[in-house]
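Trainee: Structure in structure tokens, see below.
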Amino acid sequence: MSKIAVFGAGSWGTAFSMVLADAGNDVTIWGRREEVCATINERRENSDYLPGIALPPTVTATHDPEQALAGAEAVVFATPSQTFRQNLGEWKAFLSDDIVMISLMKGVELGTLSRMSEVMADVTGAGPDRIAVVSGPNLAKEIARREPAASVVACADEEVAKRLQALCHSPSFRPYTSVDVLGCELGGAYKNVVALSVGMAVGLGFGDNTTASVITRGLAETARLAMALGANPLTLMGLAGLGDLVATCSSPLSRNRTFGEKLGQGMTTDEIYASTRQVAEGAKSCSSLLALAQQTGIDAPIAEHVDAVVAGKITATDMMQSFVARDTKAETD
Ligand SMILES: NC(=O)C1=CN([C@@H]2O[C@H](COP(=O)(O)OP(=O)(O)OC[C@H]3O[C@@H](n4cnc5c(N)ncnc54)[C@H](O)[C@@H]3O)[C@@H](O)[C@H]2O)C=CC1
Ligand SMILES: O=C(CO)COP(=O)(O)O
């Protein structure tokens with residue numbers, strides 16, 4: 001039985017802990033709030049994030065990072081992206097020199113424009129063979145209900161990816177390997193921005209033609225940037241690209257789509273932040289992805305418009321009108 005540490009006792013950290021436990025591992029969650037850890041240990045439930053879901057006996061929680069990491073062969077990170085660099089700086093002292101780090105996070109850092117694998121490399125000095133990501137159509141609540149789903153485990157070292165794949169292959173969770181860490185991370189971060197714009201369309205009362213058009217152009221925009229940065233185009237057609245984009249943009253469970261829906265209904269960004277504790281990564285990553293696209297010389301109208309709506313510079317209605325009115329061009333340009 002392998003011991004795995006999972007940092008982050010929110011929706012996805014907890015649901016992925018269940019996957020790891022179902023796959024036969026002994027899992028220790030590090031939680032920021034002691035009361036959440038106590039509930040997990042005493043009531044076998046994370047009532048704040050996954051109420052009504054019974055946790056397997058091999059999942060326990062602690063607020064002590066050293067204790068969480070003791071004897072762990074891999075550590076999984078599932079906290080918000082924008083604070084991850086600071087968090088990891090605090091946890092770094094407890095990481096062994098050979099531990100493999102896995103990011104579940106779907107954001108790009110503001111300012112540095114770093115992906116989470118790059119933050120892990122910067123902060124710890126670890127090489128690419130110790131850095132991996134898991135990304136795919138994996139809405140936490142559905143995973144926690146053990147509904148069948150697939151995902152991608154990406155690491156530049158294929159042997160490491162295969163080892164991690166075996167660690168998280170459970171009866172309801174099917175991981176595929178990839179060596180395209182960049183493609184998986186950009187697919188995961190960009191789909192949140194596209195889900196914001198789809199949510200806005202839904203909030204404005206538009207139907208399936210509108211959402212399908214935005215989803216498809218969102219995939220084109222994601223692929224344009226990711227390929228310019230060196231991603232394999234097939235990654236964007238796969239689970240961490242199209243798969244996650246479809247799941248997130250279609251599901252009322254998505255926090256990003258819901259955030260967009262509220263913007264479409266006329267709420268302001270501050271009002272939405274005040275209404276939920278859960279992270280909607282796209283509301284921040286729209287700025288970093290836009291900056292990354294500008295730096296790379298890539299046209300990114302969806303990121304540009306979502307960023308402007310989130311910043312309160314234009315309305316969701318302005319965004320939709322502008323999408324249609326933009327200069328016309330060939331679909332493949
Ligand atoms: N929920 C989902 O369905 C999925 C989420 N993800 C990604 O996983 C990451 C985590 O998301 P969720 O677990 O859903 O978020 P969440 O909002 O449910 O939980 C976030 C967790 O991080 C903790 N946290 C918040 N601020 C913190 C800070 N400054 N320092 C340390 N811990 C902090 C919270 O207490 C909470 O335990 C995000 O990047 C998200 O995009 C990826 C796939 C699925
Ligand atoms: O990444 C996700 C599903 O794969 C979850 O999306 P949200 O963060 O929008 O809830």
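Heads up, residue numbers simply count up from 1 along the chain you see.
Positions of Cβ are set from backbone N, Cα and C atoms, glycine also.
Note that the structure is predicted; figures quoted are calculated from it, not measured.
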Trainee: Just to be sure I read the record right: Gly8, Ala9, Gly10, Ser11, Trp12, Gly13, Ala140 are listed as binding NAD(+) in TrEMBL. Which of Arg224, Arg255, Arg257 is listed for the same site?
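Mentor: As annotated by TrEMBL, Gly8, Ala9, Gly10, Ser11, Trp12, Gly13, Ala140 share the NAD(+) site with Arg255, chosen from Arg224, Arg255, Arg257.
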Trainee: For the substrate site that TrEMBL assigns to Arg255, Asn256, which of Lys3, Lys92, Lys106 is also named?
Mentor: Lys106
Trainee: According to TrEMBL, Ser11, Trp12, Arg32, Arg33, Lys106, Ala140, Arg255, Val279, Glu281 bind NADPH; so which of Tyr49, Tyr176 is the extra one listed there?
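Mentor: As annotated by TrEMBL, Ser11, Trp12, Arg32, Arg33, Lys106, Ala140, Arg255, Val279, Glu281 share the NADPH site with Tyr49, chosen from Tyr49, Tyr176.
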Trainee: With respect to ligand 1, which members of the binding-site residues Lys191, Asp244, Ser254, Arg255, Asn256 satisfy a Cβ distance under 6 angstroms to one of its atoms?
Mentor: none
Trainee: If one measures from the C-alpha of Arg255 (NAD(+) binding site) to the C-alpha of Lys106 (sn-glycerol 3-phosphate binding site), what distance in angstrom results, rounded to a whole number?
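Mentor: With the alpha carbons as reference points, the distance is 12 Å.
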Trainee: How big is the Cα-to-Cα gap, in Å, between Trp12 (NAD(+) binding site) and Tyr49 (NADPH binding site)?
Mentor: 9
Trainee: By DSSP assignment, list the helix, strand and coil residue numbers for the domain 'Glycerol-3-phosphate dehydrogenase NAD-dependent C-terminal' (180-320), in that order.
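Mentor: Taking the domain 'Glycerol-3-phosphate dehydrogenase NAD-dependent C-terminal' (180-320) as a whole: 108 helix, 0 strand, 33 coil.
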Trainee: Quick one: of Arg32, Lys106, Asp244, Asn256, Val279, which binding-site residues lie within 10 angstroms of Gly8 (NAD(+) binding site), measuring between C-alpha atoms? Sequence order, please.
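Mentor: Close binding-site residues: Arg32.
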Trainee: Please identify, among the binding-site residues Ala9, Ser11, Arg32, Tyr49, the one with the smallest Cα-Cα distance to Gly136 (sn-glycerol 3-phosphate binding site).
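Mentor: Out of the listed candidates, the nearest Cα belongs to Ser11.
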Trainee: Kindly point out which of the binding-site residues Gly8, Ala140, Asp244, Ser254 have a C-beta less than 6 Å from some atom of ligand 2.
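Mentor: Checked binding-site residues vs ligand 2; flagged Asp244, Ser254.
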